[in-house]
2 protein chains.
Amino acid sequence: MEQPLDYQEKTAGRNMVTDVPVFSENDTLKDIEDFLIDRSSQFNSLDYIYLTDKINTLVGVISIKDLLVTVDKTLKASKIMVSNLVTAQVDTDQERLVYLALSHGLKSIPVVNEEGGFMGVVPYDTILQIFNHEVQSDVFKFGGIFHRIGDEYTSIHSSAIHMIRSRLPWLIIGVIGGTLAASLIAQFEELLSSFIALASFIPVMVYMSDAAGAQTEALIIRSMALDTKLNVRKYLTREVVVATVLAAISGLFAAFMAYVTRQNLILGVIIFFALFLSIIASVTINTLAPLILRKFKYDPALATGPLATIFSDIATLAIYLAVAMTLLGN
Amino acid sequence: MEQPLDYQEKTAGRNMVTDVPVFSENDTLKDIEDFLIDRSSQFNSLDYIYLTDKINTLVGVISIKDLLVTVDKTLKASKIMVSNLVTAQVDTDQERLVYLALSHGLKSIPVVNEEGGFMGVVPYDTILQIFNHEVQSDVFKFGGIFHRIGDEYTSIHSSAIHMIRSRLPWLIIGVIGGTLAASLIAQFEELLSSFIALASFIPVMVYMSDAAGAQTEALIIRSMALDTKLNVRKYLTREVVVATVLAAISGLFAAFMAYVTRQNLILGVIIFFALFLSIIASVTINTLAPLILRKFKYDPALATGPLATIFSDIATLAIYLAVAMTLLGN
């Protein structure tokens with residue numbers, strides 16, 4: 001029989017334990033109880049007794065509680081077992097185990113092979129540890145930190161050198177992206193010189209595009225983590241409506257503020273169109289990036305790293321300067 | 001006896017169940033087994049049997065498995081019980097339950113009052129749901145989304161109106177913060193006009209300060225979530241070293257890139273000093289904000305919202321323009 005180490009990392013197979021009690025559905029409760037009393041120390045986990053048919057197909061479980069409280073021990077196990085089990089395949093992604101446990105309130109999840117044959121069980125504490133690692137991994141990616149999950153359980157004990165190595169890469173990539181952005185703006189320096197107020201509003205354009213992007217990422221990453229069969233069409237339809245409304249309101253408000261503080265109508269008009277378009281662009285980039293990554297079997301949370309932000313920032317600056325060029329008739 | 005609803009929200013007391021089997025440590029295994037067989041249906045959770053002394057102090061537990069496999073049923077419960085239990089107080093924060101379960105591999109956590117009296121148990125599925133809600137809450141705050149946890153389990157089923165209402169507030173605050181930033185820059189428009197290359201590097205300054213701040217937030221929020229007794233002094237000492245090194249390397253690299261792309265030495269020097277100082281400022285703001293919030297009993301994750309970013313951005317722009325003023329001798 002295959003052992004956990006035969007399976008790929010981050011699958012149900014890799015995380016299962018195999019030292020659990022397995023009996024035939026035709027064994028009597030007395031057979032099971034006698035065996036357990038004899039051998040209880042050999043089992044890692046003893047919440048459920050797993051029942052199989054002649055060809056090792058998992059057909060049901062009995063809780064230890066039900067075994068204890070059933071008075072007629074001559075009954076066959078199949079008489080009191082619970083069937084219709086929620087199971088995972090050996091190659092099920094470990095993130096899905098968390099989803100199954102959360103959505104069905106399960107303590108442990110039996111693992112079966114393609115033929116339904118019983119292979120093992122992912123116990124409670126493993127599911128909680130997987131959840132913790134996934135969360136840590138997602139939050140760190142969100143924050144732009146390179147972190148090899150499993151190397152370090154928490155960060156307080158990591159050395160300063162380790163912390164620098166996990167934080168520096170994205171900062172260096174940020175400098176490169178920022179220099180690209182600076183080179184883009186440099187092409188428009190004549191425009192900026194002739195209408196210097198435009199420069200003052202660069203930070204608000206970049207900030208708003210990043211903020212809308214971060215919201216988009218947080219929502220889609222959580223939605224995908226909670227529901228691995230996320231209805232993408234429904235999600236996108238709603239996101240289009242939401243993004244358009246948010247972009248319109250934010251654009252109008254920013255234009256109003258720009259007009260009030262600078263008493264310049266054309267500046268307000270530029271801010272409105274540029275912010276409207278750049279929020280739409282940012283939401284689009286930050287929605288599609290994780291979906292595309294998932295399509296190609298990469299971890300969608302990779303997109304929450306700073307790369308999508310750098311793309312959005314450059315797109316935002318290009319939109320801002322192009323809108324200004326167009327409206328100022330340069 | 002107090003019931004769960006008597007306790008404040010988000011405490012162990014509020015999340016406990018009370019329909020669990022409780023016996024005296026002096027009961028025999030036979031007494032317990034007979035009672036359970038008779039009344040098994042009345043218990044919500046049946047993994048452990050909780051044992052108390054005469055004055056209801058929790059003294060130990062027996063797992064259902066140990067009850068089943070112990071042959072001599074005339075033994076007193078105290079003979080096979082596990083003592084030295086990990087427990088929560090009725091007013092323990094629910095986030096700490098997740099930490100206890102993770103760090104001790106616990107299925108369920110007994111809840112006691114100030115005198116050690118047994119009050120109830122927080123079961124496995126509740127701990128997992130609490131963890132899920134905390135994660136959802138943290139990720140949403142990180143992304144700048146107002147979300148009343150508990151109202152909506154996932155987001156895919158929320159209406160577009162609900163999504164707009166939870167995303168718009170931070171965008172509006174962002175516009176206000178951005179307008180403040182624009183007004184700050186407007187004070188320096190003469191400087192910018194006379195040295196327009198400075199305008200090109202505004203986005204990289206803002207981006208880098210945000211990136212360093214986001215890393216800081218992700219680390220400190222996770223460290224506090226995983227270890228509610230985080231050693232702040234040790235954490236800060238390391239963070240000072242890490243931030244200084246990151247700021248120096250990023251500053252030097254950005255200065256080098258600015259010099260190479262613009263062939264302007266003074267621009268490089270300005271970029272170095274400004275980026276060095278603004279990364280230090282951003283790390284400081286983003287480290288202190290959650291610590292101060294926690295000190296005053298607010299949720300530290302509030303600081304991961306966009307407010308700390310807006311403060312950092314304005315600080316960064318002020319530093320950038322002040323450094324440029326000083327070095328250009330205006």
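Every residue, even glycine, has its Cβ placed from backbone N, Cα and C.
Residues annotated as domain 'CBS' in TrEMBL: A:16-78 (among others). Confidence annotation: the domain 'CBS' (A:16-78) carries a mean pLDDT of 89 in the model.
Marked as domain 'CBS' by TrEMBL: A:81-139 (among others).
Annotation comment: TrEMBL describes A:168-188 (among others) as transmembrane segment.
TrEMBL lists A:194-214 (among others) with the feature transmembrane segment. Here the transmembrane segment (A:194-214) has long-range neighbours at 185, 243, 246-247, 250, 254, 258, 262, 264, 267, 270-271, 274-275, 278-279, 281-283, 285-286, 308-309, 312-313, 315-317, 320-321, 324, 328, 330, meaning same-chain residues at least 6 beyond its ends whose C-beta is under 8 angstroms from one of its own.
Per TrEMBL, transmembrane segment is recorded for A:235-259 (among others). Only residues 6 or more beyond the boundaries of the transmembrane segment (A:235-259), in the same chain, are considered here, and those with a CB under 8 A from a CB of the stretch are 201, 204, 208, 212, 216, 220, 223, 265, 267-269, 271-273, 275-277, 279-280, 283-284, 287.
Residues annotated as transmembrane segment in TrEMBL: A:265-293 (among others).
Residues 141-142, 144, 170, 173-174, 177-178, 180-181, 184-185, 187-188, 191, 195, 198, 201-202, 205-206, 209-210, 213-214, 217, 266, 269-270, 273-274, 277-278, 281-282, 285-286, 289 of the same chain sit 6 or more residues outside the transmembrane segment (A:305-328) yet have a Cβ under 8 Å from a Cβ within it. According to TrEMBL, the transmembrane segment annotation covers A:305-328 (among others).
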Sequence-remote partners of the transmembrane segment (A:265-293) [C-beta within less than 8 Å, at least six residues beyond its ends]: 195, 197-198, 201, 204-205, 208-210, 212-214, 216-217, 220-221, 224, 232, 236, 239, 243-244, 246-248, 250-252, 254-256, 258-259, 299-304, 308, 311-312, 315-316, 319-320, 323-324, 327-328
